[in-house]
Amino acid sequence: MAVLEVDDISFAYGGHLVLREINMQVERGEFVSIIGPSGCGKSTLLALIAGMRTAVVGNINFEAGSGTQRAVVFQDFALLPWKNVLANVSMGLAYQRRDLSRREREEIARKYIDLVGLRGFEKKFPYQISGGMRQRVGIARALAVEPEVLLLDEPFASIDAQNAEILRKELRDLVNEQGRTAVMVTHNLDEALYLSDRILLMGTRPGCVREDVVVDLPHPRGPEMQNPADQRRYQELRSRLWEHLIQEVAKEKEWMNSDQVERI
Amino acid sequence: MTTQQIPAREAEGNHLAAIAVATRPSWFARHEKTLLPLLTAIAVIAAWEAFGQAGMINPLYFSYPSAIAEAFAGWAVAGMGADLLASGKAFGIGLAVALLGIPLGMLIGSVRRLDLALDPIINGLYSTPMVALTPLFVIIFGLGIPATAAVVALMAIFPLLILTIEGIKTVDASLIRAARSFGAKKVDVYRDVMFPSIVPFIVSGLRLAIGRGIIGVVIGEFIGAVAGIGYQIRADAGVFNTPKYLAGIVILVAVSVGLNVLLRALERWLAPWRFVDDHN
């Protein structure tokens with residue numbers, strides 16, 4: 001059985017249908033990305049999976065397990081400015097693992113702080129560290145609750161290009177080593193291709209899943225790929241994603257020009 | 001691609017170091033933030049004193065620094081303690097009551113409909129000139145500390161209430177969502193997200209509350225008291241004891257400035273992240 005099953009989800013907000021009959025399955029250990037034009041509701045879908053919003057129709061099922069179902073890494077980090085790195089990483093544990101002592105929770109937090117390379121920064125506050133480091137804290141905080149599914153909402157969009165590249169690689173390694181399952185929303189085609197086993201392409205108005213693309217390429221991907229066949233395949237997949245986005249944007253434009261807009 | 005070798009020239013290096021040193025701001029420029037206001041204040045007081053010594057100020061209408069200091073010293077040995085105590089009590093009790101504005105504001109700010117319903121009433125009361133209500137408090141509480149404390153409380157509660165409501169409404173929603181997604185319960189959200197977020201608003205509210213509270217003490221004591229700094233100011237003005245009257249004002253200014261300095265330090269201690277403007 002899939003570790004995460006989104007079953008015919010629909011969602012409306014403010015009188016508009018935002019998501020329509022979304023279905024998706026994520027297998028254990030899979031890395032799935034969701035790509036789509038702005039406003040297609042991909043972040044809303046992630047928020048639904050995260051339990052931060054409730055679907056109007058449909059179900060979201062996690063494989064029955066003892067641990068935490070999910071944890072989110074946010075685009076804007078969403079760290080508490082008044083808590084230091086250690087306290088921020090312990091945050092999820094403090095709310096979910098009240099059975100553990102503070103010391104035990106901090107021990108787990110320290111383990112993940114080490115894993116994201118922030119040893120020695122435990123006592124620093126978010127405003128004292130760089131954007132890249134802040135997102136490392138965000139990643140450590142999410143991993144520390146050892147979730148069945150790691151949810152990533154454009155995790156590298158607020159970080160400078162160089163740090164984003166480094167973090168992408170580190171995230172890939174961490175997820176692999178720990179055998180974590182991940183669902184990521186992104187705008188960045190290369191990021192999706194670099195990290196994912198599967199990419200869902202979303203359409204808009206209302207948001208829906210149009211295509212399910214399997215990324216059948218070995219790691220590491222991107223500029224590091226030496227095999228010409230892999231390089232060709234990468235370009236092929238990239239063009240396909242790009243085509244999809246172009247089409248969706250064109251549809252959006254058509255819709256904007258049509259008389260339907262007046263009805264809103 | 002070829003890389004151009006840049007020769008290390010010792011002499012040139014020294015020369016540049018000298019230029020770099022020359023760009024260091026002067027001693028005055030480095031301290032101008034302290035020196036400019038300080039020197040200005042000294043100059044104004046010196047000029048004021050000189051006018052006074054020269055006999056150009058009618059002591060009935062106004063006074064000058066040394067005469068005020070003399071009146072201050074005289075007052076300090078005869079009765080200032082009792083006046084300070086009376087005013088301090090009224091201010092303290094009034095401000096303590098006004099602090100209720102914080103929990104009240106947290107409640108109103110987090111219940112949208114309550115906020116909508118109460119907004120016009122709160123703003124209406126905030127705009128009411130409380131001076132006009134002082135006689136009412138004298139009727140209710142009689143002459144004395146309670147009447148003054150009531151004026152202080154009513155003056156000070158509104159900025160605290162309004163800023164707390166504003167603070168709660170501007171809490172970063174993404175932080176609340178994040179905390180909830182990590183399993184925070186309602187109390188956790190209040191303790192770990194809401195309250196720390198509004199600390200700066202509460203401090204701003206306190207700053208205004210202190211200013212308005214001091215006005216409240218003076219107004220209250222003008223009408224409704226038998227002792228206190230405000231009472232004394234009015235009494236001295238009534239007998240044309242202008243130096244002592246101005247000494248009372250010096251005390252009010254000193255207390256007000258002192259409390260604000262204290263508050264600034266408190267804010268730096270409570271919310272250090274507020275003083276870093278860089279966001280990345």
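A Cβ is built for glycine as well, from the same backbone N, Cα and C atoms used for every other residue.
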Feature transmembrane segment in TrEMBL, mapped to one of the ranges B:194-213, B:214-233: B:214-233
CB contact flag for the transmembrane segment (B:214-233) and the transmembrane segment (B:90-109), at least three pairs under 8 A: yes
Distant-in-sequence neighbours of the transmembrane segment (B:149-168), which means Cβ under 8 A and at least six residues beyond its ends: 89-91, 93-95, 97-102, 104-106, 108-110, 115, 122-123, 125-126, 130, 133-134, 137, 140-141, 194, 197-198, 200-202, 204-206, 208-210, 212-213, 215-217, 219-220, 224
Positions whose Cβ lies under 8 angstroms from the transmembrane segment (B:245-266), at least six residues beyond its ends: 62-63, 68-69, 71-72, 75, 84, 203, 206-207, 210-211, 214, 218, 229-230, 232-233, 236-237
Residue numbers, six or more beyond the limits of the transmembrane segment (B:34-51), whose CB comes under 8 Å of its CB atoms: 28, 57, 64-66
Chain residues outside the transmembrane segment (B:90-109) and at least six past its termini with a C-beta under 8 angstroms from it: 115, 118, 145-146, 148-153, 155-169, 190, 194-195, 198, 202, 205, 209-210, 213-214, 216-217, 220-221, 225, 228
